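Copied over from TrEMBL, here are the features:
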| type | residues | note |
| --- | --- | --- |
| TRANSMEM | 15-39 | transmembrane segment |
| TRANSMEM | 51-71 | transmembrane segment |
| TRANSMEM | 107-125 | transmembrane segment |
| TRANSMEM | 131-151 | transmembrane segment |
| TRANSMEM | 160-179 | transmembrane segment |
| TRANSMEM | 191-208 | transmembrane segment |
| TRANSMEM | 220-242 | transmembrane segment |
Amino acid sequence: MPVQFEYRSRTQSPLSTLIGCLPLFLILMLMCLLPSLLFDLVRSILTKLGLSSGVAGLTVLGVFFGSFINVPVYEFRRDDLQPEVRYGPLGQAFERDYQRVFSRTQIAINIGGCLIPVALAIHQAVRVAGFGNSAILATFIVAGLSIGVCYRTARPVEGIGIMMPGLVPPILCVISAWILLPEASPEERTAAAFIGGVAGPVIGADLLHLRDVLKTPVGIMSIGGAGTFDGIVLSGMLAALLS
C-alpha cells in the first residue's frame, strides 16, 4: 500500500515578522543617528577648549568639509634614471640602457586636517600663556615628547604619503599632561594635551618627514590629509576628551 505524505506550509505571524526585522531597523536607526551623535560629541569636546557652542559647531563643520580641500603650497619635480633591459628571443639580456623618468610631488596643506587644528592649538597656546610658567613648561615637554614619538612611528608609504598610528599621540599626551600637571586645573591639562596632540603629527610626522616623502613616489603630499588626518584630528580631540 503506497504511503502518502502531506505537506503543510507554515505561515509566519505578523508579530514574528516584525521581530525578525527589528535588528535591521535598529541598525538603520543607529546609522541615521550616528552623524548627529558624533557632531554633538566633537562639539562638546571643543567647548572644553574654551569655544562657545556656536563656534564649536562651525569648527566641526569646517573640519569635516575642509578635509576634502587641499591647498597647494609647493611642487617638487625630479628626474630619475631607471634601467631598461632588452631581451632576445631566448630570454637572454643583450642590451642594457637607462631611461630618464620625470615625476613630481605636490606639497599641499589640508584645511580640515591641518589648518583648523593648528589654529585651535594656537588658541590654546594663548590660554596656556595665561596659566603660568609651570603650564608653559609642561606644554613644551608634552609637545616635545609627542613630536619625538610621532617622528619615530610615522613612515612614508608609496602612493599615499605619511602613515602613523592614530591613538599613540593622544594617549601619550594625556598621560604626560597628568604626570606633569597633577594639581593643575582641567583646563590647563586639556590645553597642554591638545597642543601636544596636534604638534606631534604636524611637526613630527609630516614636516620632519618631508625629505623622506620627496624620495618616495607619491603624487601629492598633503599635510594633515590622507594618513595623518586621523592622527592630527583624533590626537587633538581625544587628548582634550581624555584629559
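Just so it is clear, glycine is given a Cβ too, placed from its N, Cα and C backbone atoms.
Keep in mind the model is a prediction, meaning the values are calculated, not measured.
Most Cβ pairs under 8 A with the transmembrane segment (191-208) among the ranges 51-71, 107-125, 131-151, 160-179 are made by 131-151.
Only residues 6 or more beyond the boundaries of the transmembrane segment (131-151), in the same chain, are considered here, and those with a CB under 8 A from a CB of the stretch are 125, 164, 168-169, 172-173, 176-177, 180-181, 184-185, 187-188, 191-193, 195-197, 199-201, 203-205, 208-209, 231, 235. Tertiary neighbourhood of the transmembrane segment (160-179): same-chain residues 138, 141-142, 145-146, 149-150, 153-154, 189-190, 192-194, 196-197, 200-201, 205-206, 209, 213, 218, 220-222, 225-228, 230-231, 234-239, 242-243, selected by CB-CB distance under 8 Å and a gap of 6+ residues from either end.
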